Amino acid sequence: MNYGLTHTPSLTMSECLVLGVFSDLALPDFATAIDNEQKGLIKKLCQRVPEPGNTVWQTDVEGHSLLIIQCGKKEEFSANSLQKRVGEITEALIKQRFSSATVCLPRLNQESAEWQLEQMIVQIDNLRYQLLDFKTKHAKSHKLESVIFHLPGATEKSLEMAKAIVTGVEFCRDLANMPANICTPTYLGEQAISLSKQFDQISCQVMGPEEIKEMGMGALLAVAQGSDQPPRLIDIHYHGNKNSTPVILVGKGITFDSGGLSIKPANAMDEMKYDMSGAASVLGVIKACALLKLPINLIGIIASAENLISGSAVKSGDIVTTMSGQTVEIINTDAEGRLVLADALTYAERYNPDFVIDIATLTGAIIVALGNIATGYMTRDEQLAKSIERAANESQDKVWRMPLDEAYQDALESPLADMINAGFDRSAGSITAACFLSRFTEKYRWAHLDIAGTAWISGKKRNATGRPVPLLIQLLRHVANSR
């Protein structure tokens, strides 16, 4: 996809010129010039779009097309309005099968041109993204391949930053959408190694069952033992500032989750290929950071396995010893994500991080609580909470803080081991899952992102979203600016 900037938009620059207009202001100078050339055509078309979101097309204007979209009154043109207009424009361009467009939308009052450009590119790229296509007997879908923006105040630097972000998001989506027979733990490790070959600032180590066993990662091995696919622990570093204290992202990499012996319902089990979306987001963020050349030290740790059923699969009631030395009674084999994360979070201690954020499609309970709008997050660190909230607001990648009170820890008590891996009932499922993880994070500042509701869209049009890559990149940009 090509994105660019222009100071002098014209009808002939692309297949379609998109012009956003205010109901209470005159046309901008460049639009007035085009209107004069076309003998008042634009002003006539504007009379046919009285309400915000109204659109009107004019085809075959010097062999090109013109789309007018009403943006309402200037003072009422908000970030939310921008999001709606960009969505309507993108869907219209794709429906009309345009390959290129020049988009001229008014500036927001409250935000910088750099922020507005970034949001427009992220949204357009999100809507034009197409699933990996394994079909053999039909023509490939039409693609919108080039969008040029006219946005006074936007710079080439902000354009390149936006392009880096969408590249990271796309990489995350491609990995998450990959079928589980291709995207195995081994494949995830290969993708991490590939990043280290693409960028000099990235190094990577991928560890297999022997190394995992030597480190005492009994929880990760327990989850993996029911599958013929060997587990992987991926340790990937972005060296943007080797002298700074590292930030660590820990990703859940369950490349397929049948639930194990606590088997999931058949309905929508195919979507359990998305249970590695946390891992995909970690790799997407690291790729974007390398493109952005952020001056930070970032480490990604991914615990990857398949959770399947076999004669050797872990059983309900089994007790395992984690890397931390704590023992866990596994009462539910479908609560496997927290098991692999427990060992990965303990592994993170060796780097003495500034803070750690784990990203995981962890619980169905968070979907019941928040749906697919906001990612649920938990932390006991108020400074980290403020940083996450700020990054979420700026990136428009929404979050909602859930409680992490000590009282919830009682739900994890076991008569046989240090803890059970899931509560005996369904109450507060997302919170007790985070409480479980908190027992492995006492040596550093930590936050948990439960992306089970936001990592993908379910149903016939199932598709990975790439979240929370925009949120995490924005957070890391603030970290970079503070050092």
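Cβ atoms are placed via backbone N, Cα and C, with glycine included.
According to Swiss-Prot, the protein carries these features:
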ACT_SITE  Lys264  active site
ACT_SITE  Arg338  active site
BINDING   Lys252, Asp257, Asp275, Glu336  Mn(2+) 2 binding site
BINDING   Asp257, Asp334, Glu336  Mn(2+) 1 binding site
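Classification of Asp334 (Mn(2+) 1 binding site) by DSSP places it in coil, neither helical nor stranded. Here the candidates are the recorded positions Lys252, Asp257, Lys264, Asp275, and by Cα distance the one nearest Arg338 (active site) turns out to be Lys252. In terms of Cα distance, the binding-site residues that sit within 10 Å of Asp334 (Mn(2+) 1 binding site) are Asp257, chosen from Lys252, Asp257, Asp275.
When the binding-site residues Asp257, Asp275, Asp334, Glu336 are scored by other C-beta atoms within 10 Å, Glu336 scores highest. Under the three-state DSSP scheme, Lys264 (active site) falls in the coil class. According to DSSP, Asp257 (Mn(2+) 2 binding site) sits within a strand segment. Taking the Cα atom of each, Glu336 (Mn(2+) 2 binding site) and Lys264 (active site) are about 12 angstrom apart.
For the binding-site residues Lys252, Asp257, Asp275, a Cα to Cα distance of within 10 angstroms from Lys264 (active site) holds for Asp257.
Within the same chain, residues at least 6 positions away in sequence whose Cβ sits under 8 Å from that of Lys252 (Mn(2+) 2 binding site) are Asp275, Met276, Ser277, Gly278, Ala279, Ala303, Gly337, Val340, Leu341, Asp358, Ile359, Ala360, Thr361, Leu362. Counting Cβ atoms from all protein chains shown, Arg338 (active site) has 27 others lying within 10 Å of its own Cβ.
Excluding Lys252, Asp257, Asp275, Glu336, which define the Mn(2+) 2 site, the same chain contributes Val223, Ile254, Met272, Met276, Asn307, Gly337, Val340, Ala360, Thr361 within 8 Å (Cβ to the Cβ centroid), listed in sequence order. Of all Cβ atoms in the shown protein chains, 16 besides its own fall within 10 Å of the Cβ of Lys264 (active site). Listed in sequence order, the residues Val223, Ile254, Ser258, Gly259, Gly260, Ser262, Lys264, Asp275, Asn307, Thr333, Ala335, Gly337 complete the 8 Å Cβ shell around the Mn(2+) 1 site centroid, once Asp257, Asp334, Glu336 themselves are left out.
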